[in-house]
Amino acid sequence: MTALRQRKGSKGKDPGPSIQNLKPDCTAEPREKFATGGFSWWTILCLMTGSIVGVSLGLLCCIYVATLHENDLWFSNIKEVEREISFRTECGLYYSYYKQMLKAPSIQQGLYELIHDNTTESKRTINILQRMNIYQEVFLSILYRVLPIQTYLEPIYFYIYTVFALQTVYVIALFITSWLLSDSWLAGALSGVWYILNRVDTTRVEFTISLRENWSIPFFALQVAAITCYLRPQLKPIHQRVVLWLVFVSTFCFCLTWQFNQFVLLVQALIIFTLDCLDFFTAEQVVSLYLMQVLSLLLVWLLQFCNSMILGSLVLSFIVSALFIKHFQTGLKTGGFAIRVGKLALHTVLVLTLTFTINYSAKKILQLKSDEHIFKFIKAKFGFGATRDFDASLYLCEEAFGLLPLDTFERLAGTVLLYPYLCTLSVLFILLLLVALSNLSLNGSGQASGEREDRTFRMRPDVAYNLLHTVFFGLLAFSTMRMKYLWTGHMCAFAAFGVCGKEVWSLYLRVLRCNTKTMMRLIRYSVPIVILAFLYYKFWPRLMEEISELREFYDPDTVELMEWIRLKTPKRAVFAGSMQLLAGIKLCTGRVLTNHPHYEDQALRERTRQVYQIYARQSAEEVHKVLGSVGADYIVLEDSICYERRHSRGCRLRDLLDLANGHIMDGPGENEPDLIPASHPRFCEAIKTDMPPYSTLFTRVFKNKTFHVYKLKKIKKKNKAENAP
């Protein structure tokens, strides 16, 4: 906390260079030049100042979220089991593999155990490196073993500090993007400040540390910065090759660390396709960017032991289709306006048709069903028929997969982010349409390049890319709240570009007929400084109050459960229960699980639905049979699920199970006419009566205010023993 105050205090004392000393941008024509080069002293000073400010803001964000995490949990003073419990839901599952690698006798043995894992899913041996994106945990565990830091840094701190450090990378990437677009490091400073102030909507890293998105989105932001640099006009060929290498590395890291990479890259591929059709990109740029995506996905496919889900992804099918048809449609960008629009429409239809044909064929050949639940969810979400499918309903009922709440815009407006963003978006989108119409009006002949230089409306390809990027990912965020973190960070960089860049201000000043260099300089540098001063005045006291607020982790019931499991049950005991709780059981106790939160496998989804019958209206015999088939020794029942009130009727877990089983939901409210009353009481309630047949099949071995643990009785073995001579 002290370090945070000192860093922010020092920044507050030095608001930056005065207005009188500011130049139009860091690439302006220099007054003094080195004898051996073309860089002015002013350019060097701008680069150094901007770099220092960017790194400082990144470190500030890292320290800020680390301080919030410490203050919220009192992380440094709680017990190890409490620290591990704080990795809730799937976070605990991912962290457990980092812990498992560290406990292994050697790195080789740890990797072997991950490749031949028989504790994550009972009665199954699975390849964790193939099924899950946990190479980051493997890499960190190896790094921790190799580096001489074990004596003064605990493994858990090495892990969380690494994730927090990625926030530094994220902020620096946003800083670079806005700086490249606007040619002013003030835009980078503004984007970094906006990212920090809008923490609630830009990241949730401080309380969901090991979620895959917290690892991957910083690399995605770095990739966007590299693409922005690659698309800059007049970039030399050698620089293009270097930047393309950065695009590939950042794309690869993004894909390797998040299982939803294919859907994000699909959106990005659609952006590239759109800009290619509207003639903003050259053929070389389009092919290069597509190839970077394909090479990254294929390399991840190899590292994940030929994971079929990657080969069956829509993005690969789309890129192959786009490149194939583009190769044969050589005259796509020739002809008059009407002819070109007709050709583009036909081109789009052909690409989409071939995409779905290739994708359907690939899934049939590979017998791929891993991602079918996502398409069921999308189909139901956009109203293409109601569904009682348990997996799709599980997503539909989660707030994170619902529409973006309107109060998000109230918070964004409160930090003065929303208004410049909307102004920049609206003006540039209209300009994009005008430039697109102008591009389509060109006949594609040799004099086209000369015609482009003389046009009234022009837009740089890097600006066009970032504009469509924020539009496409904004639409994705509107449809699915969890995806807003892909949008809001870039939103900060795009709004900062609008405030500090020339594109928007030049249009406004033209309308006002005062578009002079002096006026442009004054506005471009005075407006961001005024905004930064206002944000400092309004939010500095709030930040100081926020980081000084102290809380403490408190979950005694879960701690008691974990301690009991660790001390009172066999090490190879198999536990059944909710996905979220079982992830914590694996992390804290190392026991074997029946199911877990990583949902990208059809067989696991089916097993989870079966195990969840403990919260449905099923007979004791049926539940015992199902649990016995998956090898469960114990079941953990949670009152918070059995008597759930967090969700409304129809979205409670017990309701989803009733609907999937064709049973009438309990509680007041309407039911669909084809549903029938269940012939048995709800298992999680009836078992607590300790009456036959429940007492015959299950024995309660642990109980507190939140959890009830029952041990399955081995009835068949008992009967065999009684009948023996």
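Using the three backbone atoms N, Cα and C, a Cβ is placed for every residue, glycine included.
TrEMBL labels come from automatic prediction, so no person has curated them.
Record features (TrEMBL):
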type     : residues : note
REGION   : 1-25     : region 'Disordered'
COMPBIAS : 1-10     : compositional bias 'Basic residues'
TRANSMEM : 39-66    : transmembrane segment
TRANSMEM : 156-181  : transmembrane segment
TRANSMEM : 215-231  : transmembrane segment
TRANSMEM : 243-275  : transmembrane segment
TRANSMEM : 295-324  : transmembrane segment
TRANSMEM : 344-362  : transmembrane segment
TRANSMEM : 418-442  : transmembrane segment
TRANSMEM : 487-510  : transmembrane segment
TRANSMEM : 522-540  : transmembrane segment
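Residues 170, 174-175, 177-178, 181-184, 186-188, 190-192, 194-195, 198, 201-203, 217, 221, 224, 412, 417, 420-421, 423-425, 427-428, 431, 459, 463, 466-467, 469-470, 473-474, 476-477, 516, 519-520, 523-525, 527-528, 531 of the same chain, all 6+ positions outside the transmembrane segment (487-510), place their C-beta atoms under 8 angstroms from a C-beta of that stretch. If one looks beyond the transmembrane segment (344-362) by at least 6 residues along the same chain, the residues whose Cβ comes under 8 Å of a Cβ in the stretch are 273, 277, 311-314, 317-318, 320-322, 324-325, 329, 332, 368, 440. For the transmembrane segment (418-442), the list of distant contacts is 278-280, 336-337, 340-341, 344, 409, 412, 448, 451-452, 455-459, 463-464, 467-468, 470-471, 491, 494-499, 503-504, 507-508, 531: same-chain residues at least six beyond its ends, Cβ to Cβ under 8 Å.
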